[in-house]
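Swiss-Prot lists 80-375 with the feature domain 'USP'. Sequence annotations record features per position, and here Swiss-Prot assigns active site, nucleophile to 89 based on sequence analysis. Summarising the annotation, Swiss-Prot assigns active site, proton acceptor to 334 and lists sequence analysis as the type of evidence. Under the heading compositional bias 'Basic and acidic residues', Swiss-Prot lists 382-392, 398-412. The compositional bias 'Polar residues' annotation in Swiss-Prot covers 493-505. Among the features that Swiss-Prot reports, compositional bias 'Basic residues' is placed at 510-524.
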């Protein structure tokens with residue numbers, strides 16, 4: 001089983017990387033094993049937290065925190081729509097959510113990475129930088145996403161949007177690492193991507209016989225929520241951190257008293273991410289059925305109740321993007337998203353169509369993936385725009401905000417135009433393919449039962465159309481010159497998705513995501529008595 005795979009199956013909360021290791025942890029573990037611990041350990045809960053926190057800075061800093069721009073570089077207004085080249089709505093919806101992620105967009109527009117990148121081809125960070133720059137600086141236009149964004153993933157049919165989202169995030173994480181050398185996992189957790197999307201879980205098992213405590217800390221990039229018995233995101237989070245009793249056949253083998261004993265297991269967030277990606281588990285691996293129930297999600301979410309430390313103030317996140325799947329099962333459907341522009345206005349991004357939306361409409365969707373950002377981060381970016389401190393996105397005083405693809409390409413060889421690049425596609429495909437990526441995932445999870453969802457075919461009455469799709473009638477009939485798919489579709493007659501027009505629902509087809517289960521890898525534990 002490869003360590004670099006994004007999903008290794010098993011318990012979902014430990015699905016990204018292997019456990020933290022260091023000489024300090026090994027030494028502490030060995031010392032605990034050698035000594036007989038009293039019933040109450042002198043180490044407090046705060047001491048254990050500090051010990052774990054100290055492990056991460058020891059890793060080599062591949063993308064120091066000061067590299068993240070401190071002020072916003074994004075234009076205040078909404079950017080471009082994305083052309084659907086046939087069964088690519090899942091790509092477009094995911095890219096729009098990433099494009100309007102403030103820390104990521106600001107880093108891309110600062111050009112920190114491309115100025116030092118030596119890979120030139122096959123670099124996902126450089127490819128995303130080119131895409132985000134074009135999208136944000138071409139409001140009112142429709143652009144074609146680069147083929148390199150989905151090389152090795154798209155196979156001519158609709159795929160799962162969340163899988164593509166995390167495939168892209170994982171590719172950007174790997175692009176932060178130097179070359180193709182093997183890097184330890186603590187160092188991987190210091191990359192730019194982990195700084196933005198990453199945090200740490202704490203899984204704590206307390207022996208009820210000797211009161212010994214085992215803490216395991218694991219990194220995460222997204223959080224999957226079981227919604228079968230939940231009516232809201234808050235309820236799903238409460239179920240996630242609810243203590244689990246281990247007794248009977250599931251009794252815990254304690255490393256302190258060296259016997260099987262009843263225990264209590266609790267999962268909490270040890271550190272919080274700047275940006276939270278919450279995935280609502282709506283699909284079944286076995287049947288492909290979808291839970292079409294409404295799950296409430298707030299505009300502002302307090303994550304403090306789910307943290308390891310409860311003695312601090314509120315930890316408020318604000319919603320800035322929602323990825324939606326419209327359809328009845330993973331075998332058919334259409335993806336679109338809602339994003340919040342820097343100016344604070346919400347927009348519906350449905351392929352080429354960009355329409356203004358109200359917060360009421362945003363919060364009434366059957367969401368698939370929710371994107372939250374810490375309130376302090378959002379306010380900092382918003383204040384810099386309101387004060388007129390927006391820096392030039394391309395780093396030159398007289399560069400036009402609507403930079404052309406040719407200008408970007410001349411600035412740096414990594415920034416490729418959206419036209420096809422056979423060498424880039426070939427290399428990207430060789431490095432990571434969908435089949436290889438999915439081979440690393442275990443398929444032994446069960447999912448919720450199927451419920452039919454009614455799909456509305458009209459836009460809300462309060463929606464203002466900013467610009468309509470130039471391809472609303474479909475490329476097949478009116479744009480024969482664009483029959484060749486941007487994302488390397490099959491030469492056989494493909495199925496083209498059409499952008500949703502006002503009062504018309506796009507074609508529903510394709511397949512959707514698989515749920516993520518819980519990862520039950522072996523754990524390196526730090527045993528402490530209390």
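Note that Cβ sites are derived from N, Cα and C of the backbone, with glycine treated the same way.
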Quiz item: To the nearest whole angstrom, what is the C-alpha distance linking residue 334 (active site, proton acceptor) and the residue listed as 'active site, nucleophile'?
Solution: 7
Quiz item: How would DSSP class residue 89 (active site, nucleophile) in three states?
Solution: helix
Quiz item: When you measure from the Cβ of residue 89 (active site, nucleophile), how many other Cβ atoms are you left with inside 10 Å?
Solution: 30
Self-check item: Confidence summary (mean pLDDT) of the domain 'USP' (80-375)
Solution: 91
Quiz prompt | Structural state of residue 334 (active site, proton acceptor), classified by DSSP into three states | solution = strand
